[in-house]
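What Swiss-Prot annotates here:
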{"type": "ACT_SITE", "residues": "HIS64", "note": "active site, charge relay system"}
{"type": "ACT_SITE", "residues": "ASP108", "note": "active site, charge relay system"}
{"type": "ACT_SITE", "residues": "SER201", "note": "active site, charge relay system"}
{"type": "DISULFID", "residues": "CYS49-CYS65", "note": "disulfide bond"}
{"type": "DISULFID", "residues": "CYS142-CYS207", "note": "disulfide bond"}
{"type": "DISULFID", "residues": "CYS172-CYS186", "note": "disulfide bond"}
{"type": "DOMAIN", "residues": "21-243", "note": "domain 'Peptidase S1'"}
{"type": "CARBOHYD", "residues": "ASN71", "note": "N-linked glycosylation site"}
{"type": "REGION", "residues": "21-25", "note": "region 'Important for antimicrobial activity'"}
{"type": "REGION", "residues": "97-111", "note": "region 'Important for antimicrobial activity'"}
{"type": "SIGNAL", "residues": "1-18", "note": "signal peptide"}
Amino acid sequence: MQPLLLLLTFILLQGDEAGKIIGGREARPHSYPYMAFLLIQSPEGLSACGGFLVREDFVLTAAHCLGSSINVTLGAHNIQMRERTQQLITVLRAIRHPDYNPQNIRNDIMLLQLRRRARRSGSVKPVALPQASKKLQPGDLCTVAGWGRVSQSRGTNVLQEVQLRVQMDQMCANRFQFYNSQTQICVGNPRERKSAFRGDSGGPLVCSNVAQGIVSYGSNNGNPPAVFTKIQSFMPWIKRTMRRFAPRYQRPANSLSQAQT
């Protein structure tokens, strides 16, 4: 466990690699039992993302959070402490959406199949996913949680939360060349200094206790609005993928397998 703590410390000290919840506050410990912290190893080095438990054996995150190996920490509040509630699970299989495009960041969604099932507890449990009959509307108030930096110069190792409102699609279409209202959500009032940013990527946008979006990208300076992947548009793919990859828990390997479906 000690090497992992050292790696987490390294990640949190990297300004460009660590994520930001801007304008938020510290969350009540373990009030977001679906939250996952992802420690990612890639040829470029170490990075961190958010994610969220959607079934005992699957975490949902952003497709751009892929690496050669991923460790998932569930049940955490302070990611630099060895909390009794924490469950550290390696990823067996990373399944990017087959139409993910890193050039325009479209279809930025990925399922992570865990090497073993998470144990449900008061600090670890899945979040609900959206139904087709209920759609987000501009003005809806939602919550984003994540670890990382809270400003350009100040970091944190405890889970942060911020409330953000859904915006009109046109606002993001005016700011981001490749914004697609069919598969993305525009979130965050530009008149407020509140946003999710960068390493918070992969974390959930939760509205009325349902995960509706995934932190995807925003402006370089973190000013809102930001773009979130619209989970509802990908529900057929999510359900099909989780059915296809039946749980097969194996001993840890040095690298994870990658699949598309």
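Glycine is treated like the rest: Cβ placed from N, Cα and C.
A map of Swiss-Prot features onto the structure.
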{"residue": "CYS49", "record": "disulfide bond", "DSSP (3 states)": "strand"}
{"residue": "HIS64", "record": "active site, charge relay system", "DSSP (3 states)": "helix"}
{"residue": "ASN71", "record": "N-linked glycosylation site", "DSSP (3 states)": "strand"}
{"residue": "ASP108", "record": "active site, charge relay system", "DSSP (3 states)": "coil"}
{"residue": "CYS142", "record": "disulfide bond", "DSSP (3 states)": "strand"}
{"residue": "CYS172", "record": "disulfide bond", "DSSP (3 states)": "helix"}
{"residue": "CYS186", "record": "disulfide bond", "DSSP (3 states)": "strand"}
{"residue": "SER201", "record": "active site, charge relay system", "DSSP (3 states)": "coil"}
{"residue": "CYS207", "record": "disulfide bond", "DSSP (3 states)": "strand"}
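Taking a C-beta cut-off of under 8 angstroms and a sequence separation of 6 or more, HIS64 (active site, charge relay system) has the following same-chain neighbours: TYR100, PRO102, ILE105, ASP108, SER201, SER216. Of all the recorded positions listed here (ASN71, SER201), it is ASN71 whose C-beta has the fewest other C-beta atoms within 10 angstroms. In terms of C-alpha distance, the listed disulfide-bonded residues CYS49, CYS65, CYS172 place CYS172 closest to CYS142 (disulfide bond).
Each of the disulfide-bonded residues CYS49, CYS65, CYS142, CYS186 was scored by the number of other CB atoms within 10 Å of its CB, and the largest score is that of CYS49. Taking a C-beta cut-off of under 8 angstroms and a sequence separation of 6 or more, CYS172 (disulfide bond) has the following same-chain neighbours: TYR179, GLN184, CYS186, PRO225, VAL227.
The Cβ of CYS207 (disulfide bond) lies under 8 Å from the Cβ of LEU136, ASP140, LEU141, CYS142, THR143, VAL166, each on the same chain and at least six residues away in sequence. Under DSSP, the residues of the region 'Important for antimicrobial activity' (21-25) split into helix, strand and coil as follows: 0 helix, 3 strand, 2 coil.
In the shown protein chains, 27 other C-beta atoms lie within 10 A of the C-beta of ASP108 (active site, charge relay system).
Cα of ASN71 (N-linked glycosylation site) to Cα of CYS49 (disulfide bond): a span of 11 Å.
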